Ligand SMILES: Nc1nc(=O)c2c([nH]1)NC[C@@H]1CN(c3ccc(C(=O)N[C@@H](CCC(=O)O)C(=O)O)cc3)C=[N+]21
């Protein structure tokens, strides 16, 4: 007997899943090989993670950094100052780590205790060790097309797009979210790649006035299901940077996972793992630079995108 199967329009329209776990594995393997070579020549890359929060998403990230760093041969220390830590103590910790020769990378976890100001404290991180691009000097250098570590999450968005061979030059990119850790640096990186960039944020009256024009939509807000079918056109590529913990211990992004688009990064398994891998890569690069003469350490390195 023959039964006629209904056409599976949904899966045909579902588009590509732009996963990040394979890419993350490649980046970690490369970082591990470079770290081993460096250790052989007498310098073990060191990463310091400064924590002043009991936020769940941050705790997960910190454990994941420690685990991945250990496997890659990076000496990782977590400095947990407690959820109510005094801003002056956080600043002093960052200053000490900046002066510590065994430390090549420093990341200050967000969120911070009430009364502590992220950009202000991050200015105590030596830009040469600022592997998560948190010091406003790093963001300024990035915007000016000078050499700087972009925040690992922002860099992960670009790595994922490149890995999946998404064209950026001349295309419409819309970024939703304007934080200094994701939205702004992602916009700068897309600009450097000759995209036309629009940034939407909490004061944008109607996202639908902008997001349907996006060839590439990057969403970094922190609100489950913020982006649904009405926000995107079929052919769009969507990068979901959201990591929202759910009541049952899972994780969801900012994009309704059933949106019909040409490509969507999954949560989990998309931007997240690449972020952790790039933090390690930046740390190993910083360690490599630390072994070179000073003029190479933070030399100006003009990128494209500074012309009109
Ligand atoms: N200064 C600073 N920089 C950050 O980049 C930063 C931060 N503070 N504070 C906390 C958030 C959170 N965050 C995550 C990174 C990776 C995953 C990740 O890899 N998640 C896995 C799955 C996790 C799961 O299954 O629970 C995934 O997406 O596949 C999650 C969350 C970075 N953050």
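Keep in mind that glycine also has a Cβ here, set from the backbone N, Cα and C atoms.
Whatever TrEMBL says is automated annotation, not expert-curated.
Positions annotated as NADP(+) binding site by TrEMBL: 177, 178, 179, 243. Listed in sequence order, the residues of the same chain lying 6 or more apart from residue 243 (NADP(+) binding site) and placing their CB within less than 8 Å of its CB are 57, 222, 251, 253, 267, 268, 272. The DSSP secondary structure for residue 243 (NADP(+) binding site) is coil.
The domain 'Tetrahydrofolate dehydrogenase/cyclohydrolase catalytic' annotation in TrEMBL covers 19-132.
Positions annotated as domain 'Tetrahydrofolate dehydrogenase/cyclohydrolase NAD(P)-binding' by TrEMBL: 151-288. The helix, strand and coil residue counts that DSSP assigns across the domain 'Tetrahydrofolate dehydrogenase/cyclohydrolase NAD(P)-binding' (151-288) are 49 helix, 26 strand, 63 coil.
Sequence annotations record features per position, and here TrEMBL assigns region 'Disordered' to 1-20 (among others).
Under the heading region 'Disordered', TrEMBL lists 289-308 (among others).
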Helix, strand and coil totals (DSSP H, G, I; E, B; other) for the domain 'Tetrahydrofolate dehydrogenase/cyclohydrolase catalytic' (19-132): 58 helix, 16 strand, 40 coil
Result for ligand 1 contact check over binding-site residues 177, 178, 179 with Cβ cutoff under 6 A is none
Residue 178 (NADP(+) binding site) has how many other Cβ neighbours within 10 Å of its own Cβ? 18
All chains considered, the count of other Cβ atoms within 10 Å of the Cβ of residue 179 (NADP(+) binding site) is 19
Just jot down the residues in the same chain as residue 177 (NADP(+) binding site), at least 6 apart in sequence, with C-beta under 8 A of its C-beta; none if empty. 183, 200, 201, 218, 219, 220, 221, 222, 241
Max CA to CA distance in Å over the NADP(+)-binding set 177, 178, 179, 243? 16
